[in-house]
Amino acid sequence: MNKTKGFTKYKKMRYMPGLDGLRAIAVLGIIIYHLNKQWLTGGFLGVDTFFVISGYLITSLLLKEYDDTGIIKLKSFWIRRLKRLLPAVIVLLMVVGTATLLLKSDNIIRVKHDIIAAIFYVSNWWYIAKDVNYFEQFSFMPLKHLWSLAIEEQFYIFFPVILVTLLLTIKKRYKIGFIFWGVSIISLGLMMFIYSINGDHSRVYFGTDTRLQTLLLGVILAFLWPPFKLKNDPPKVVKYVIDSIGSLSFIVLILLFFIINDETNWIYDGGFYLISILTLFIIASVVHPSTWIAKIFSNPVLVFIGKRSYSLYLWHFAVISFVHSYYVDGQIPVYVYFIDISLTIIFAELSYRFIETPFRKEGIKALNWRSSYIPQFIRMVIVVTLLIPFMLILVGAFNKYGKDIIGEKANSFDTTIEDNYSMRIAPIDNIHIDGLVSEKKKESSDVYNNIKPLLIGDSVMVDIGESFKSSVPKSRIDGKVGRQLYQTLPLVKANYSQYKKSSDQVVLELGTNGDFTVKQLDDLLNQFGKAKIYLVNTRVPRIYEANVNRLLADAAKRKSNVTLIDWYKRSQGHSEYFAPDGVHLEYKGVLALKDEILKALKKK
């Protein structure tokens with residue numbers, strides 16, 4: 001290269017509206033998924049689309065700067081990234097923190113911790129440490145979506161340094177591309193290995209090391225298909241091939257958005273990698289200056305949405321988290337979704353116009369009191385109403401209003417020695433006083449000493465454990481949060497093998513946390529021999545609900561000693577039975593489910 005390092009002028013890379021169009025598709029998929037998982041079960045794949053785009057675009061920018069000037073100014077790159085990303089995030093954190101304090105003060109400690117993690121762009125590792133499940137929506141976590149921004153920011157910090165080092169030490173770029181491809185394979189292998197050991201979704205889904213594969217595929221494409229070297233008018237056959245491959249890949253990707261769900265395990269065994277390769281083909285076609293698919297993705301509507309994709313991504317999940325927290329999940333009225341969408345659009349547009357654009361163009365100068373972007377009065381209101389409480393939240397001034405919500409909830413309910421139960425203290429939140437009469441006392445009026453059932457279940461069983469034990473003192477109850485049916489077989493073999501006689505009664509409440517197979521269900525049922533088995537079906541706003549209930553109903557039809565307890569039917573239309581997550585039970589729900597189980601047990 002005949003150039004003087006550091007002095008040749010850097011020519012800005014051409015704008016590629018097709019990428020904005022692809023961003024629009026990705027963010028719309030994510031928003032629809034978070035509004036209601038069952039509308040677009042694989043919408044979360046939009047995050048991977050963003051990862052591939054980021055890897056491709058950032059690498060292309062850095063390579064072009066290196067080709068034009070002979071150097072890459074790392075400091076300038078990092079400043080541009082901060083100007084682009086940080087201001088909007090800080091405003092989001094201030095708004096969410098203040099809103100949590102005003103509307104959801106019980107959650108202020110948890111949200112404060114999430115805010116601190118987000119400020120330092122380590123949200124993904126924070127959620128791994130706290131064993132948070134991305135696909136589980138039982139908890140109020142309005143900042144959980146920032147895990148992906150944390151991964152991208154970590155990538156922006158370390159990748160340019162590695163790229164510069166490789167460019168200076170390795171002259172053949174195809175060798176550099178092979179190095180990144182090798183690292184992507186290592187990342188893929190790490191995801192497969194960790195997942196195979198313990199099936200831990202959280203670790204492999206949130207981990208920078210396991211998600212690096214997707215970003216690096218974008219990096220590799222930048223080496224193979226740099227946008228600044230593409231010909232404006234290639235042969236027609238070349239354009240036809242590019243359009244055909246890109247179109248077919250896009251169709252397959254959209255189909256996967258509808259087919260894949262959060263219970264699809266093969267995505268952790270190479271699925272994310274293959275899906276990202278599809279995205280590579282789409283990117284290659286939409287960034288080409290002469291393809292018709294690029295023109296389709298460059299239409300004004302998609303470009304408009306794509307330019308605001310960052311703001312839409314930032315705000316949609318926070319809005320949905322707050323709004324949906326006032327409704328029972330799975331029983332949300334249609335008009336609520338219009339509220340979600342309207343508020344998301346409003347906040348995103350305000351952020352784009354008054355935060356993103358000014359700071360991207362002017363940097364810190366956007367805070368100048370004489371700036372035309374934000375009038376002085378509005379600026380003062382923002383500082384007073386958001387910044388001050390935000391700082392107080394960070395220093396823990398409002399911790400007294402928060403609660404250790406996770407610590408307050410029982411993780412298990414296990415009664416194995418009947419005599420010990422008389423010493424157990426009923427939880428205060430199970431006692432409701434209306435006037436001077438305790439509902440707990442009313443509930444305990446009927447006691448059944450003539451039955452000795454075994455009850456095994458998940459968190460719903462934990463919910464009813466105290467109440468059921470008070471009514472059936474000789475019952476044996478084993479409930480654990482997060483328990484799945486396939487995990488129960490070893491438990492039964494180890495602890496409950498004696499429940500095999502025709503006089504025994506066994507209640508199984510499983511299926512809240514995931515699907516299972518016919519074989520897994522039959523293996524469990526066969527452990528109880530001739531015992532009378534009662535299967536409680538589930539009400540859970542998840543994609544697997546229908547299949548779980550179908551398998552349980554089929555088992556009751558196939559086996560003469562199995563009876564179905566239809567909790568799904570009993571709870572239909574009774575939102576008062578449920579906590580906001582639509583699964584766990586409020587007091588009335590506890591009584592209703594206990595009643596259903598007792599009715600079935602008393603019949604035999």
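First residue shown is number 1, and so on along the chain.
Glycine residues also receive a Cβ, built from the backbone N, Cα and C atoms like all the rest.
Listed in Swiss-Prot:
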TRANSMEM  15-35  transmembrane segment
TRANSMEM  43-63  transmembrane segment
TRANSMEM  85-105  transmembrane segment
TRANSMEM  150-170  transmembrane segment
TRANSMEM  176-196  transmembrane segment
TRANSMEM  212-232  transmembrane segment
TRANSMEM  240-260  transmembrane segment
TRANSMEM  267-287  transmembrane segment
TRANSMEM  310-330  transmembrane segment
TRANSMEM  332-352  transmembrane segment
TRANSMEM  377-397  transmembrane segment
ACT_SITE  SER459  active site
ACT_SITE  ASP581  active site
ACT_SITE  HIS584  active site
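For the pair formed by SER459 (active site) and ASP581 (active site), distance between Cα atoms is given as 12 Å, rounded to the nearest Å.
Counting Cβ pairs closer than 8 Å to the transmembrane segment (43-63), the top stretch among 85-105, 212-232, 240-260, 267-287 is 212-232. ASP581 (active site) is surrounded by 19 other CB atoms, counting those within 10 A of its CB over all protein chains shown. Counting Cβ atoms from all protein chains shown, SER459 (active site) has 24 others lying within 10 Å of its own Cβ.
Its Cβ taken as reference, HIS584 (active site) is surrounded by 20 other Cβ atoms within 10 Å in the chains shown. Put simply, of 15-35, 85-105, 212-232, 240-260, the stretch with the most CB pairs closer than 8 A to the transmembrane segment (150-170) is 212-232. Between the transmembrane segment (85-105) and the stretches 15-35, 176-196, 212-232, 267-287, 332-352, the greatest number of Cβ pairs separated by less than 8 Å involves 332-352. No contact links the transmembrane segment (176-196) to the transmembrane segment (332-352), because fewer than 3 Cβ pairs that are 6 or more residues apart lie under 8 A.
Sequence-distant contacts of the transmembrane segment (332-352) (same chain, six or more residues past either end, CB-CB distance under 8 Å): 31, 35-36, 88, 91-92, 95, 307-308, 311-312, 314-316, 319-320, 323-324.
Through the fold, the transmembrane segment (240-260) approaches residues 29, 40-43, 45-46, 49, 267, 271, 275, 278-279, 281-282, 284-286, 288, 291-293 of its own chain, all at least 6 residues removed from its boundaries and within a Cβ separation under 8 Å.
Outside the transmembrane segment (212-232), and at least 6 residues removed from its termini, the chain residues within Cβ reach (under 8 Å) are 13-14, 16, 48, 51-60, 63-64, 67, 151-152, 155, 159, 173-174, 176-177, 180-181, 183-185, 187-188, 191, 272-273, 276-277, 279-280, 283-284, 287-290.
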